Amino acid sequence: MHYMKWIYPRRLRNQMILMAILMVIVPTLTIGYIVETEGRSAVLSEKEKKLSAVVNLLNQALGDRYDLYIDLPREERIRALNAELAPITENITHAFPGIGAGYYNKMLDAIITYAPSALYQNNVGVTIAADHPGREVMRTNTPLVYSGRQVRGDILNSMLPIERNGEILGYIWANELTEDIRRQAWKMDVRIIIVLTAGLLISLLLIVLFSRRLSANIDIITDGLSTLAQNIPTRLPQLPGEMGQISQSVNNLAQALRETRTLNDLIIENAADGVIAIDRQGDVTTMNPAAEVITGYQRHELVGQPYSMLFDNTQFYSPVLDTLEHGTEHVALEISFPGRDRTIELSVTTSRIHNTHGEMIGALVIFSDLTARKETQRRMAQAERLATLGELMAGVAHEVRNPLTAIRGYVQILRQQTSDPIHQEYLSVVLKEIDSINKVIQQLLEFSRPRHSQWQQVSLNALVEETLVLVQTAGVQARVDFISELDNELSPINADRELLKQVLLNILINAVQAISARGKIRIQTWQYSDSQQAISIEDNGCGIDLSLQKKIFDPFFTTKASGTGLGLALSQRIINAHQGDIRVASLPGYGATFTLILPINPQGNQTV
């Protein structure tokens, strides 16, 4: 009676499994066999229809092209027809991957095209064998689908005779490797097997689930709690009975955790300060929008990448990597960070990140951009210096210029009373140096003392020409070529002529001094925009070091042995008063270009 346990098992679980075998497995396998058999036939039929459609397309595209090049010798005509028809077969086979197609000419007894030509171009001009099915197609004027070995190999070949005006001119073929067809049929078989297997497994699984309902519900809750530890969004399904109450309590707990985490994420996302977190390996794990704005890097560029790649080629020492490697935490540390497009002044605070077990899993850096604040502080300090300078210059004008005037008068009297050439030369030097001191004092006064601008209509081209007259002395013209490219269509602008002339003169003198031997200076004017005009002064002198380009507009900054360092500072102030912009572009050894952008009609009259 032992075998009766298998024929009629006592346990419900085994009975359900037996029923599944009788009610699911046998019908499923039977249906699968029928579907597989019919599917293979359907695949073959579909392939035949597709190949027939391809040859019909080729036949329509052929038209009367076989009548071309009749007077050419056989080989030349084959090449000419191939050049004419190859694009057609290439386009068709490109549209139907895996298919080979071509034309055969009965008169020439040769293959005209065989696409794709990258694979079968060497078959062009070949004559098919006497027993080739294509000859039967041409002889009987009947389409034929043939499966077997031909020029390409084992293929399913659809052939169509080319008939024009009752005459057979050749045939067209389209074929596909039977291996590709078998592979497709095998894929279909695999899918059927997978579906059948999945269906059987699902059926058995359902039976097992029903037979072990209580234990399954417990497993769901247990597995859900385990998953919840790593993935808070996990939600347990609603279960019946007491298990449902437990699952609902777990879901409520998960919801509370989700809301807490969401709040934390929102705080980080909307923080004005940049936040970047890295793991133990130094790879970026988190980056908020403020960090993107400050550093210039996008989140998708950095997350998952080493944080150190931001400054691989620099001498920058990272506080957050120091925290990660040595445990040193920094608070409000001011650093210069190498951003994407610029060096950024930052206030940085770093800390370690620990998990619930107290183990360090990474480091966090919170930073704010101090660049604007630093620039504001610098400008305020500069303004204070200038205010102090203004007060100082008022005293200098009286305390220094008056004695200098007296000294100059006495020196002139001495020069008039002496006839000694040496004394005359010495006194001339004294007068020249006194005038130089007076000029420096005058520049300081002009820079520190407000001046009411004289606004009028000014032609930039005329202004450039007037200024060049002052610069093009005989000595300068001997070594510097001046090239003027002035836009004659420019209309006058509203500006202070004398102040703009002073700006041009300052820049041109600097350009001349930057050229040590022979060189050239190019001056251009053009319409910068509908409301702005521009002047550029370009020289091929020594250029300006990148580290100095931000300083050249600072008062008293100069790299020359002589000079006050006020020329460009005053020029910038004049251009700003015109509501314009002054820009510099330079590379050491390649010269410099200063560009002045001026509005045609500034809003209001500014005082310089």
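Cβ coordinates come from backbone N, Cα and C, glycine included.
The following features are taken from Swiss-Prot:
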TOPO_DOM  1-15  topological domain 'Cytoplasmic'
TRANSMEM  16-36  transmembrane segment
TOPO_DOM  37-189  topological domain 'Periplasmic'
TRANSMEM  190-210  transmembrane segment
TOPO_DOM  211-608  topological domain 'Cytoplasmic'
DOMAIN    212-262  domain 'HAMP'
DOMAIN    260-305  domain 'PAS'
DOMAIN    326-382  domain 'PAC'
DOMAIN    395-602  domain 'Histidine kinase'
MOD_RES   H398  phosphohistidine
| DSSP says what for the domain 'PAS' (260-305): how many helix, strand, coil residues? | 21 helix, 12 strand, 13 coil
| What are the helix, strand and coil residue counts for the domain 'PAC' (326-382) according to DSSP? | 13 helix, 28 strand, 16 coil
| message | Across the domain 'PAS' (260-305), what does the mean pLDDT come to, as a whole number? | response | 80
